[in-house]
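Annotated NADP(+) binding site per TrEMBL: 161, 162, 163, 227, in sequence order. Annotation source TrEMBL lists domain 'Tetrahydrofolate dehydrogenase/cyclohydrolase catalytic' at 5-116. Annotation comment: TrEMBL describes 135-274 as domain 'Tetrahydrofolate dehydrogenase/cyclohydrolase NAD(P)-binding'.
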Ligand code: GUN
C-alpha cells in the first residue's frame with residue numbers, strides 16, 4: 001500500500017517546533033500580509049496565512065488594499081514596512097492586478113524581510129549556498145519528503161512546471177540534496193517518457209488530473225502541488241488513479257497545501273532571528 005503523506009500532520013510537527021522556538025525569543029516576530037483586490041482565491045489564502053500566524057502567536061496583520069491601488073502607493077507601503085523595525089516579514093500575495101509590475105514589487109521588499117523568498121537576492125542565495133529565506137511551497141515539499149524518509153540523493157526527480165514560485169526553486173532544492181533533476185514543461189516533447197523516469201515526480205502545472213497513470217513509474221513518490229476547483233471539489237494535478245502505482249503520494253487537499261502556510265510562518269520566525277540577531 002502506498003504511503004499517504006499527510007500535510008496536516010507534518011505541519012503540526014512544524015508548528016510544535018515553532019512554538020518551542022518562540023518561547024525562547026524575547027520578542028514577537030511580526031508578519032505583514034499585503035493583498036490588492038478581492039480575487040476569491042487570494043482572499044482565502046491571505047486570510048488563512050494571517051489566521052495561522054495569529055494562532056501561532058505571531059504579530060500578524062492582513063493589509064487588504066483596493067484593487068485600484070497604484071504601483072506607487074504599493075511601493076510606498078512596502079518602503080514603510082521595510083523601514084519599520086518591528087516588522088520581520090513582508091508578503092505580497094500574487095497574482096497582482098495587471099497595472100502593477102509584480103517583479104518591481106518583489107524587488108522592492110527588503111531581502112531580510114522576504115519571507116516568500118522571491119527577491120532576486122533570495123533566489124541567488126537559493127542557487128548558491130542556500131542560506132536564504134526559501135520559497136514556502138518548495139521548502140514545505142522538502143520538509144514533507146524528509147518527514148516521510150524519502151531518499152533524494154542520487155535519485156531521478158522530475159518536476160512538471162517551471163514557475164518561479166514552485167518549479168524553479170524546487171529544482172534548486174532537490175539539486176542541493178543531490179537528486180538528478182529534470183524540469184519539464186508545456187514545450188517538453190514526449191512528456192510521458194520523461195515523467196516515467198521519475199523516482200520522485202512533482203506536478204505543479206495547475207491542470208486537474210494532468211498526470212495520468214501511464215505517466216508514472218511504478219513505485220515512484222508522487223507530489224501534487226496543483227489545487228483546482230472542479231464542480232465544487234478541490235482536485236490536484238495528479239489523477240488519483242495513479243496513487244495506487246506509487247510508493248507514497250500527497251493527497252489534494254491535505255497534502256502540500258498546509259505545508260506552504262506552515263513554512264511561511266517558519267520563514268517569519270527565521271527572518272526575525274536573522275535580522276534581530
Ligand atoms: N500566490 C500563490 N502562491 C503564492 C505564494 O507562495 N506567495 C505569494 N505571495 N503569492 C502566492
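We count from 1, first residue shown onward.
Positions of Cβ are set from backbone N, Cα and C atoms, glycine also.
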**Asked** Listed NADP(+)-binding residues 161, 162, 163, 227 - what's their greatest C-alpha to C-alpha distance in Å?
**Response** 16
**Message:** Please list, in sequence order, the residues in the chain of residue 227 (NADP(+) binding site) that are at least six apart in sequence and whose C-beta is under 8 Å away from its C-beta.
**Reply:** 206, 234, 235, 236, 252, 253, 257
**Message:** Please identify which of 161, 162, 163 has the densest Cβ environment, defined as other Cβ atoms within 10 Å, among these binding-site residues.
**Reply:** 161
**Request:** For the domain 'Tetrahydrofolate dehydrogenase/cyclohydrolase NAD(P)-binding' (135-274), would you mind checking the mean pLDDT of the predicted model?
**Result:** 98
**Request:** Look up residue 161 (NADP(+) binding site) in the DSSP assignment and reduce it to helix, strand or coil.
**Result:** coil
